[in-house]
Amino acid sequence: MADTTVPKALEALTISKTKELKGTEKRDTLIAIEKKYQKKWEEEHVFEVDAPSIDEFPLESISPEELREKFPKFFGTIAYPYMNGRLHAGHAFSFSKIEFFTGFARMQGKRCLFPLGYHCTGLPIKASADKLAKEVEMFGADFSGYKPEEEEEPAPAEPAPKGQKEDLTKFSAKKGKAAAKTVKAKYQFQILQSVGIPLEEIHRFADPQYWLKYFPPACKQDLTNFGARIDWRRQFVTTDANPYYDAFVRWQMVRLKELEKIKFGKRYTIYSIKDGQPCMDHDRSEGEGVLPQEYTALKLKVIEWAPKAAEAIKGKLPEGASVYLCPATLRPETMYGQVCCFVGPSLTYGVYKARENEYFVITERAARNMAFQSIFEKDGIPEKAADLQGSDLIGTLVNAPLSFHREVRVLPMETVLATKGTGVVTSVPSDSPDDYATVTELAKKPDYYGIKKEWAELEIIPIIQTPTSDLIAPYLVKKLKINSPKDTKQLAEAKELAYKEGYYQGVMKVGDFAGEKVEVAKPKVREQLIKNGDAFPYSEPESKVVSRSGDECTVALLDQWYIDYGEDSWRQQALEYVENKDGKGLECYSPDTQHAFKGVLAWLKQWACARTYGLGSKLPWDPQFLVESLSDSTIYMAYYTLVPWLHKDLFGREKGKGNIAPEQMIDEVWDYVFCRTEWSDDLVEKSGIPKETLQGMRRDFQYFYPLDLRVSGKDLIPNHLTFFLYNHIALFPREYWPKSIRANGHLQLNGEKMSKSTGNFMTLDDVVRKYGADAARVALADAGDGITDSNFVEDVADNTILRFYTNKEWIEEIIKDDKLRTGPLNDFQDALFDNEMNALVNEAKKYYEETSYKLALKAAHYDFLNARDTYREACNAAGIPLHKDLVFKYIRLQALILTPIAPHWADYVWREILGEKESIQFARWPEVPAADPALTAAREYVRTTSSNINSAEAAQLKKMAKGRQSDFDPKKPKKLTIFMTESFPAWQAKYIELLKKVWDPATNTQKIEDKELNGRIAKMGEMKKAMPFVQALKKRLRDGEPAETVLERKLAFDEKKTLLAMVPGLKRTAGLVAVQILAVTEGSKVGIDLTNNNVEVEVKAPVAESALPGQPSFHFENVQA
C-alpha cells in the first residue's frame, strides 16, 4: 500500500491567513439551495444556446445583421484558463465580469453564449510532467524512496514579480505561526500533493496527457459549483490532443503565412539554454512581458594592461592577440565624449575568445548572451581564456572609438552591476549625470580609489547642445545639489531629465553628423561604429527572466518563424480600431485600458510563434516546430461557435451533430464557415461535408460573431489581448472584429496580495465551499471594477450569508402575514417606498449597463434592503401594517435585480416563494416607472432631516459638556421643535440671478468655467456663505432637479406635509415626548405651530434663524412627561 503520510516539507502547507468561520448552519442552508438549482439548470439545459437555424431562416434569406436585430444576442468570453492547476479566486474575479454581464444580457432578452475551453499548449505542463517522471525514477511510483528533508530560508518569500501567474510548477508556504521561515516544496510530487491530489495518483502526472484529463473536469466542477452560466457543450482542450482544434490552429497559421504576417529570419528572442528553445511569456515563471534590449557594444582595445591584470593573463592568450573591453551602451551618439571606462572593482570578469586572436573582457552573463548571437566564433559555446578581478583592471589604458580622447583609462565604479549589460561601462560625463558624479568623486579622492588624479581629470568636451546647456550632466548635478554617486534618488531624476532633453531636443555639436538632431543622428553613429569594426550589436533581456524549467534565460539571435506584429499597415489598422474615433471601433470601458493598448501597439514587434518543446499543434509547413501558446490562442473564440457541430467531448473523439471527421475540416471549410470566402459547389466534393451542414456552421458563426465582450486581467494587454486584436483584424472581415475588451486589475485577498507562500490564498473551490456561490459572487462584485487592483473581502462574503438567510426568512414569514394592508397606497410611507424601489431598479439597470458591478450591487442589494427596512420602520412608527402589494413588489423586484449576481437565491425566491414555473434565468428585467422627482426629493429630505436631527441633539450635548448650556438633559423627557421656512434669505437673491445667467437648462451645464464664476461671486461679497449656497444649487441641478424648480427657489415637494407625516416616526426613533413644527419667517419673532391648529407662538430659540427651505433647524428641550 502506498505511503500517504505528509512529507515533513509539507507540514506547514495547511497554515492559512484566511478568515475562520464560527457557525455554518445558515451557510449550509443556502448551499443546499444552490446545489438544488444548479441541478435544475443542468437538467433544464438553461445555459445551452443556439443560433436560429437555417430551417427557420434559410442562410441567404436574411442578412446576419437583420438576424441579430430580430433575435438579439450576446457572446462573451474570458481567456481560457491554463490546465496546470485548480482555478483560484483571481480566476473567479475575471469570470465574474462575464457572469454578471451574461446574466444581465439574458434579462434583456438576448440569446447569451458564454463558452469555455481549456488551454494546454506550451511548456509548463510538459516541463512539470518531465520533472515528475525523473522523480518517479528517483523515488518510485509511490515515492516511498523519498527521504523527508526540510529546506529553510531565513526570510519570508519575496513577492512574486509583476505579472507572474500562480500555477503548480512553483509553490512555497509559510512554516509556523511566528517563525519567519519559508518551507518550499522542492519536488513536483510535493507540489501536486499540496493541492490535494492523492499520493497514489500523482505518478500518473508523469504523462503530460494526464494533466489534460485531470484538470479540465475539475475546472468544470468548480465553475458549476460557482453557478456559472456556461454552455458546457462547447468545451475543448487545445493541442493536437483534439484533432479538430488542431486543424483549426493549422488553418490559422497557414492563412497568416499566406498573408505574409508570418515570416522567417534571424531575430532576437528570449531564449532558454536549458530548454534549447525560445522562452515566451507563458513559458516563464519570472519575467513575463520582458523583451530583448538591444545595445551597441563598443570595442575598446587594450593598449597597456594594468600590472595585476597583465600578470593574471600572462601565458593564457596567444602572442599578439587583441583584447577589447566591451561596454554596452544605449547612447552611441555620445561616444565622442568618452573620458574613461568603468568596471566594478568587486566583479569577476572573463576574457572570452570571440574569434582567432580576438578576445573580449566581459561578465559571464554577457558571454552567455553573446554565445547565442553569432558574436563568438562558435555559437553556443563561450570559450573563456582567463579570469580577471575588476580591481586588477584599474589603470588599464584602452582605445576609445570616436572620442576626442583617443586613449582613456579604466577606472572603478562601485555601482556597476554584473546583471546589466556587459559589466563594463564607458564614461561620458558631459551627458551622463552618473558618470559626471563618479569622475568628480574619483578626482577628489584619487589615493583612496588607488588611481592617479589625472586619469579622472580629462577635459569634458561639449558634444550635444540642448535648450538648457551643452553640458547637461554637470548642469543637472549642480542644480539638483548632487554631492556624490551615493545620491541615487537625485541621480535617477537627473538621468531621466538628461536623456529626455538630449534625445528629443538635442542637436549634435561634433562628429560627422554635427547639426543633426540627436534622434536622427543616433542610428547613423551606431551604423558607422559597427561598419568601422569599432562596435557590434548586442542584446540581453530587459530584466531577469526564468523559465518554468528553472533556467535563467538569455537572448539568442535565431532563425525562426515569427508573426510580424508591428508591421506598419497592420499596426495602423489596429491603432485606428483601438482609438475608436468613429464610435464603431473597440470599446475599452476605461481610458486606462485604451491607453495601455495604444502603448503596446507603439512598441510591440515581431513575436516568435514556434518552439520545439512542449505541447501544441505542429507548424503545418515545418512540423519540427510546435505553435507556441500565445499564438494558438488568439481567435479560438470563433471555434466556440462551431464546437457542437464538430465534437461532443473535450478531445474530439466523439463526432458532433455535423457528423464531421477531423480530416474533413480542410482549410477551405474554415474559410467558408468564417465568412472569408463565399459558397463554391466544389467545397462539398473536396470536404465530403453536406451543404446544409456547412451552411449551418456558417450561420452559427455569422450569428454569434463578432465577439461582444472579452474579459481578462490587465497583465494580458501586452501580449494575448493585443495578439487577439491583430489576428482578428488579419483573418476576419471588418464586421467580425471584437466589439469590446474589459481589462480588470489583479485581485487582492483581504487587502493583501494573494500568495501561497504567506497563506493568503484561496482557490475558487475554497471560496465556494467556505461561503457558497452567491455570497462569493457578491464579494466578487463588491471587490471592484476598474483596471486597478481590486479586493475580495471575506467579511463581505460572510455578512452576505447572514443577509441572504435573514432576507429569505423574512420573505417566507411576511407572505403568510394575513394582517398586511390592502387597498390604495397612502401618500407618505407607501408612496416613498414604491418610488424608491422604482428608482433603485432603474439605477441598478444603469450600472449593469455600464459594467459597474460594485455600484449595481449597492443599488440592487444593499440600498434595496435599506429601502425595505426604512419602510418597515416608518409603518411601524405610524402604527400601520405594511401594504401587501408593496411587499410582493419588493420580493419580486429584489429577486429580479439580484439575478445577474446572485442567481441561486433569486431563483429560489422566484420559484418556491412566488410560485413561478420557469427559472428566473429566463425572466426579463422588470419595467418600472421612472422615479418621481418630487417623491425622490421628499425621500432624500426625510433621510437627511432624520440624520440632521440626530446630529443636532449631539451638538446640544456637546455644548452642555463644555458648560455652554445646562438646561437640557437627554435622559429626561424631551421635546423637539423643528423650525421650517418657505422663504429664502434676501441676500441669496443676487446669487440666484447670477446662476440663472450662467446656467444652460437645455444642456444642464454651466456656460462659463468655475474659475470665472468664483471670481464673480467674490466681487459680490459674502464669499464665505455664498460659495456653499451656490455649490448646493449646482448639485441639485446636476442631480436632475428641473432648473425651473431650483432657480425659481421652489422645493419639488411639500415640506410642511412631509414634516407632519414624519412626526410619529420621529417620536418613536428619537424617544421624544413631543414634536412641534414651527413655520417661521426671516426677521420675525413669531412662528406658526403646524402641529397645533396653526396657532401663533413666540420663537425664542436662536437656531430658528438658520432655517432655510428644505433645510430646517432643530431645538431640543426637556418637558414634563
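Each residue's number is its place along the chain shown, starting with 1.
Heads up, the Cβ atoms here are built off N, Cα and C, so glycines get one too.
Feature list (source: TrEMBL):
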| type | residues | note |
| --- | --- | --- |
| DOMAIN | 67-132 | domain 'Aminoacyl-tRNA synthetase class Ia' |
| REGION | 146-167 | region 'Disordered' |
| DOMAIN | 214-790 | domain 'Aminoacyl-tRNA synthetase class Ia' |
| DOMAIN | 833-950 | domain 'Methionyl/Valyl/Leucyl/Isoleucyl-tRNA synthetase anticodon-binding' |
| DOMAIN | 982-1038 | domain 'Leucine--tRNA ligase RagD-binding' |
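Helix first, then strand, then coil: DSSP counts for the domain 'Leucine--tRNA ligase RagD-binding' (982-1038) stand at 39 helix, 4 strand, 14 coil. Over the domain 'Methionyl/Valyl/Leucyl/Isoleucyl-tRNA synthetase anticodon-binding' (833-950) the predicted model carries a mean pLDDT of 94. Here the domain 'Methionyl/Valyl/Leucyl/Isoleucyl-tRNA synthetase anticodon-binding' (833-950) is broken down by DSSP into helix, strand and coil counts: 90 helix, 1 strand, 27 coil. For the domain 'Aminoacyl-tRNA synthetase class Ia' (67-132), residue counts in helix, strand and coil come to 33 helix, 14 strand, 19 coil, using DSSP.
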